[in-house]
Amino acid sequence: MLGTTVIIPTALVPQMGGRNEEKAKVICTLLFVAGVNTLLQTLFGTRLPAVMGASYTFVPTTISIILAGRFSDDADPVDRFKSTMRAIQGSLIVASTLQIVLGFSGLWRNVTRFLSPLSSVPLVALAGFGLYELGFPGVAKCVEIGLPELILLVFVSQYLPHVIHSGKNLFDRFAVIFCVVVVWIYAHLLTVGGAYNGSPRKTQVSCRTDRSGLIDAAPWIRVPYPFQWGPPSFDAGEAFAMMMASFVTLVESTGAFIAVSRSASATPLPPSVLSRGVGWQGVGILVSGLFGTGNGCSVSVENAGLLALTRVGSRRVIQISAGFMIFFSILGKFGAVFASIPVPIVTALYCIFFAYVGAVGVSFLQFCNLNSFRTKFILGFSVFMGLSVAHYFNDYTVLNGYGPVHTSARWFNDMVNVPFSSEPLVAGCLAYFLDNTLHKKDSAIRKDRGKHWWDKFRSFKGDTRSEEFYSLPFNLNKYFPSV
């Protein structure tokens, strides 16, 4: 989660005109809001051990707002930064209503009732595998730091437990902390020893531990507060574009929620609980807009992979972690120290975390009949098209500086380009449509889809364990019953 918290503001704030001081404040605000939203989700949402953090899905729409040209008249870069941030805030506040309405009204519950293990495979698998571009390409930016982190993490988490039999799962649970600290110290020694003196700027930015400028710029104590950049401004086109990005994160987070429930050894999510979680995720986007994080809120895919790696699916642990997020965001200097971790170390972790999430999606195939040609078609076609369509849209954007849909209205371009750039959205929607339209009523096909395995989880009271995992605290189920 630290990766998105640092990488996204580092990429966006300079384009908005912000300096290191503004970048440090945005990172602290993002960390603070992530802690608050995680507490809300674990207390009142799905109640799964899911971390709520920043999302890369909102970045293209945010960049469109930055490049809109409305704020180019501001001579002072800091004034331009604040004006741009207020515009992003306004669009996020409007976009949050989509998930709030779909979640709390129960409309998303009616949609997810028709999910089967078969249609969940592309959605969940590509929520992990679809992020492959954030993996080894990031490691290769500083291979002498990223590759040792990756190799050491695989060795400590997978091989060492079989060499040293501690019986307490120490290597599984603390592998990430141990490996990050060791390689971080190693990277700092390389920096202090002058290994990167005279290196190209890109190499220094990726490898050095003292290039972010955050530690000097971050205040010792600062409490983020709503509208800290000023009152939000609203633009209809930008709001619609951000609303589409919000819908994309809604679909991607559905897959991430399913992955978290599986990794945490919980029962499959009842649709009503999933819809409740989506509603609170919408509240999280609203909070992000009010505080001015420059980004929305979604389920952290990294966290879902971390749950699988550490095998710690405790809600209480995540809540304590959320408390630490809030603590370190207020004590800015301490948060900035953690934010100085070189990006290749984080992307090395991504290689493991995203792989686990993808494997969780593939694991749902155990409920399906893989001898059925219908299953093979839906699975193969949806996964292939999810990868192929998104690859075309992303590659086109990289080569030309704009997406395949390119009109004078930036907001319309984003409304079309952003959804088709998401592998989980394309694959998940295609699998969902095909699975619910191709010979659905045949009883044999129902078993091929694996639907009979999930029948008792279609309602909250269908399985006695649902109350243990998903019931609201403080006896709130009495007033807000799940169906």
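These residue numbers are counts, starting from 1, taken along the chain as shown.
Any Cβ shown, glycine's included, is placed from N, Cα and C.
Owing to the predicted nature of the structure, the values given are computational and were not obtained by experimental measurement.
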Which one of these stretches, 241-257, 377-393, shows up in TrEMBL as transmembrane segment?
377-393
Would the transmembrane segment (90-108) count as touching the transmembrane segment (345-365), i.e. at least 3 C-beta pairs under 8 angstroms with sequence separation of 6+?
no
Are there residues at least six beyond either end of the transmembrane segment (114-132) with Cβ under 8 Å to its Cβ atoms? List them, or say none.
251-252, 254-256, 258-259, 262, 271, 301, 304-305, 350, 353-362, 364-365, 367-368, 375, 378-379, 382-383, 386-387, 390, 422-424, 427-428, 430-432, 434-436, 448-451, 453-454
For the transmembrane segment (90-108), distant same-chain residues with Cβ under 8 A (at least six beyond the ends)
58, 61, 65, 232-235, 238-239, 241-243, 245-247, 250, 254, 271-272, 274-283, 285-286, 288-290, 296
Return the stretch with the most CB pairs under 8 A relative to the transmembrane segment (317-339), choosing among 26-44, 50-69, 377-393.
26-44
Taking residues 6+ outside the transmembrane segment (377-393), which of them lie with a CB under 8 Å of any CB in it?
118-119, 121-122, 125-126, 130, 365, 368, 403-404, 417, 420-424, 426-428, 430-431, 434-435, 438
